[in-house]
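Taken from TrEMBL as is:
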DOMAIN    6-244  domain 'Nucleoside phosphorylase'
BINDING   Ser12, Arg54, His55, Ser87, Ala88, Thr186  phosphate binding site
SITE      Ser167  site 'Important for substrate specificity'
BINDING   Met185, Asp209, Tyr210, Asp211  substrate binding site
SITE      Val222  site 'Important for substrate specificity'
Amino acid sequence: MTRAVLGIIGGSGLYDLPGLVNARWERIAGPWGEPSDELHRGEVDGLEIVFLPRHGRGHAIPPSEINYRANIDALKRAGVTDLVSISACGSLREELSPGTFVLCDQFIDRTFAREKSFFGKGCVAHVSFGFPTSPALSGHVAQAAEAEGIPLRRGGTHIVMEGPQFSTLAESNLYRSWGCDVIGMTNMPEAKLAREAELSYASVAMVTDYDCWNSEHGDVDVPTILKVVRENASKARRLVLRLARDLPRDHEPCPKGSDRALDTAIVTPPEARDPELVARLDAVAGRVLRG
């Protein structure tokens, strides 16, 4: 069995956990450029946890400029097996009020200015992505929320826009008509890259506002979002701490196959692969490329 290592990617306040021991910052070098920040590592009740501030400490990196490939590569090199994404999102449903957590299980990717794959010319791969999150890991997140009394809606479709501007009213209403539940700017291509890296992935959306479709609420703005984020911060830390305490110490394979996503994904035969790209894929795809 593989020992579980829990990765958390989200806001900078999440790594300030009570009970975190052997805490230290660690720089992980990789071939995809610089990740958003150093990794903050520690242990809770014997479980290793690796935190990565998605926007860097001080929130200095906008969504479109995050180096998503470097982030996922660094987490993979750090030994992460189970990755939980925590992000602020707008609600597209009346019943999902600010302060609610949504455990998303589907995505619609509307981003267009980001590198979305580790693979490319010289080594082509197509991973299955019909079920982008791990039901096993998501189930543990849901149980942790219930144990902490944190309101959480299990299941939802998360539409990811390019940003950094918020939606127009027409866009917001369009996404509602598509059946989307929340809207954010960072879970794509993060979830796609996590699948290519064979990481179990779960996504927690913290609702901060009603986007702009709800006429009973004002237009979304940064002060409103930050106010709710601060109010949610303690709940998010409690969720992570409970998850760390309760997560099985042996990694639980994803029922949807993320642990072996590359088994049937790579199209390019060994003799046609670009050695330079293969070398860059050592952490992400070494399991299959070295085989």
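Every residue gets a Cβ built from N, Cα and C, even glycine.
According to its DSSP assignment, Ser167 (site 'Important for substrate specificity') is coil.
Among the binding-site residues Arg54, His55, Ser87, Ala88, Tyr210, Asp211, the ones whose Cα is located within 10 Å of the Cα of Ser167 (site 'Important for substrate specificity') are Asp211.
When the binding-site residues Met185, Asp209, Tyr210 are ranked by how far their Cα is from the Cα of His55 (phosphate binding site), Met185 comes first. Among the recorded positions Met185, Tyr210, Asp211, Val222, the ones whose Cα sits within 10 Å of the Cα of Ser87 (phosphate binding site) are Met185.
For Met185 (substrate binding site), the nearest neighbour among the listed recorded positions (Arg54, Ala88, Val222), judged by C-alpha distance, is Ala88. Sequence-distant neighbours of Asp211 (substrate binding site) (same chain, six or more apart, CB under 8 Å from its CB) are Gly90, Ser91, Leu92, Phe166, Ser167, Ser172, Ile183, Val220, listed in sequence order. The sparsest Cβ neighbourhood within 10 Å, among the listed recorded positions (Ala88, Met185, Val222), is found at Val222.
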